[in-house]
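Visitor: Dropping a structure here in structure tokens format, bear with me for questions.
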Amino acid sequence: MEPADPAREAAAKLSEAVGAALREPRKQRRLLLVIVCVALFLDNMLYMVIVPIVPDYIAHMRGGSEGPTPTPEVEAEVAACAPTLPPPVLANASSAANGSEPPTAAQPAGPALRPRYPTESEDVKIGVLFASKAILQLLVNPLSGPFIDRMSYDVPLLMGLGVMFASTVLFAFAEDYATLFAARSLQGLGSAFADTSGIAMIADKYPEEPERSRALGVALAFISLGSLVAPPFGGILYEFAGKRVPFLVLAAVSLADAAALLAVARPFSAAARARANPPVGTAIHRLMLDPYIAVVAGALTTCNIPLAFLEPTIATWMKRTMEASEWEMGMVWLPAFVPHVLGVYLTVRLAARHPQLQWLYGALGLAVIGASSCAVPACRSFAPLVVALCGLCFGIALVDTALLPTLAFLVDVRHVSVYGSVYAIADISYSVAYALGPIVAGHIVHSLGFGQLSLGMGLANLLYAPVLLLLRRVSLLTRSRSEREVLLDEPPQGLYDAVRLRECPASGPDGALRSPPGPFAECEGDYTDYAGYGARS
């Protein structure tokens, strides 16, 4: 009898363990959370990885390597519309990527630790290129949300990963500005499906608090990590391996994540086809008219405006006011990852103990963002600026971690528990800020000044913080635990548990059960058909 092959036995045991994990609902849910977090991490890596690559690459497209190294006066005119976080890159790196001739004595290479800055005409191109992703995402989200509601979450997530894979490969082989623009826009299309369906999947798989807040907090941490890791990752690989390598690496990660989703969710299996008729969710325009959801969406937009507007302008301001080095401009955002994760962790812990105060955590976050944004123009050295930006990211973490679960809760208690459209609204809120930032921020700085821009954004956040008081009674809206009345005439077949929900009743003066009043009490009658809450005898 032949001895057993240890490698084959190990593979068999691994296969059995994976199969058991895929069959166990709790482990499957955790695997799906990991897949969604990787997708969100990848999307933000793709968003920021071009930061150190595109300015130099566009300069080489127009034959920028034929000119001399920029003078300090030219460097002072750094693109106000080109995002910051540029790590050091070789000036001749894209020449190697394009297969062009290496620099000669008559055509010297720029200093290895000194990135090439775009000219004023290229500045506009870069701003439009960076904004194109958010603009297309903004246009597609009103359509992707209802599509996700009808198709469940796994198929749209798979579609989004596939589109992001195509976008990344197109970036790797782009040789002109039009192709770069098409690749960037295509990424926005993929993000509209992947981001929205991923967050909605988390809300659906984790229906109870505090697990939902914890899972969404983990996803937010991966989003932040992707944004901060991408520029050094892209810059280092661009310098030593050429333009194509960082994009091909991310394309491979996207393909692997899609394969994992196919293995875990099995969206095209017979069981998935049996879930072909999910409950019909509330139309996205009705969700937008819900005043509670509108307040949350406004807060998400307001809190992200300072980050979206400072990213493309702060490098120029640092160079002009504090004569910052390239290293300082490249590292100024990196320490902010720690307070962002701290803010996520703190909000999750507080929400577990005091879930009724989610609105207060969001309002506190807006106040911190406002104070930090107002403090930025007063900074005259690197260390105080890092502290101000850390406060900014800490406040954003508080707002996002508190209000994203609130959106799912509002859908549960006021509408049908289908989350694609409501998180499409959240994605629209983010996209508004990031579509305007790369294009508008530079013009505002040129017309009014960097200080006025920062003070205006800070004031907007401080003024919006009291608006979240309107959400203080949201915690009084609770789903019925005593009965699971199905909203549809026939029981739904699918991933969703569409149930009739009601508001927690309270006794009125006549002894009848009544709903507790809220700031939007006069609007609540419009949603009775969707939420199914109200007084019951």
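If you go along the chain as it appears here, the first residue is 1 and each next one adds 1.
From the backbone N, Cα and C atoms, a Cβ is placed for every residue, glycine too.
Whatever TrEMBL says is automated annotation, not expert-curated.
So TrEMBL says this about it:
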- 31-54: transmembrane segment (TRANSMEM)
- 32-483: domain 'Major facilitator superfamily (MFS) profile' (DOMAIN)
- 92-117: region 'Disordered' (REGION)
- 155-174: transmembrane segment (TRANSMEM)
- 215-233: transmembrane segment (TRANSMEM)
- 245-265: transmembrane segment (TRANSMEM)
- 292-310: transmembrane segment (TRANSMEM)
- 330-352: transmembrane segment (TRANSMEM)
- 359-378: transmembrane segment (TRANSMEM)
- 384-410: transmembrane segment (TRANSMEM)
- 422-444: transmembrane segment (TRANSMEM)
- 450-471: transmembrane segment (TRANSMEM)
Visitor: Of the stretches 245-265, 330-352, 359-378, 384-410, which racks up the most C-beta pairs under 8 Å with the transmembrane segment (215-233)?
Guide: 330-352
Visitor: Cβ pairs under 8 Å with the transmembrane segment (450-471): which stretch of 245-265, 292-310, 330-352, 422-444 has the most?
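Guide: Looking only at 245-265, 292-310, 330-352, 422-444, the most contacts with the transmembrane segment (450-471) come from 292-310.
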Visitor: Using a Cβ cut-off under 8 Å, which residues of the same chain at least 6 positions beyond either end of the transmembrane segment (155-174) come close to it?
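Guide: Sequence-remote neighbours of the transmembrane segment (155-174) are 35-36, 39, 42-43, 46, 50, 144, 147-148, 180, 182-184, 186-187, 189-198, 201, 243-244, 247-248, 250-251, 254-255, 257-258, 261-262, 267, 420.
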Visitor: May I ask which of the stretches 31-54, 292-310, 359-378, 422-444 has the most CB pairs under 8 A with the transmembrane segment (245-265)?
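Guide: Stretch with maximum Cβ contacts: 31-54.
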Visitor: Give the nonlocal contacts of the transmembrane segment (31-54) in its own chain as ranges (CB under 8 Å, at least six residues past its ends).
Guide: 21-22, 82-87, 89, 94, 115, 126, 129-130, 133, 157, 160-161, 164, 167-168, 171, 180, 184, 187, 190-191, 194-195, 198-199, 201-202, 205, 215, 218-219, 222-231, 233-235, 238, 243, 246-247, 250, 253-254, 257, 260-261, 264-265
Visitor: Express the predicted model's confidence over the domain 'Major facilitator superfamily (MFS) profile' (32-483) as a mean pLDDT, rounded to an integer.
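Guide: For the domain 'Major facilitator superfamily (MFS) profile' (32-483), the model's average pLDDT rounds to 81.
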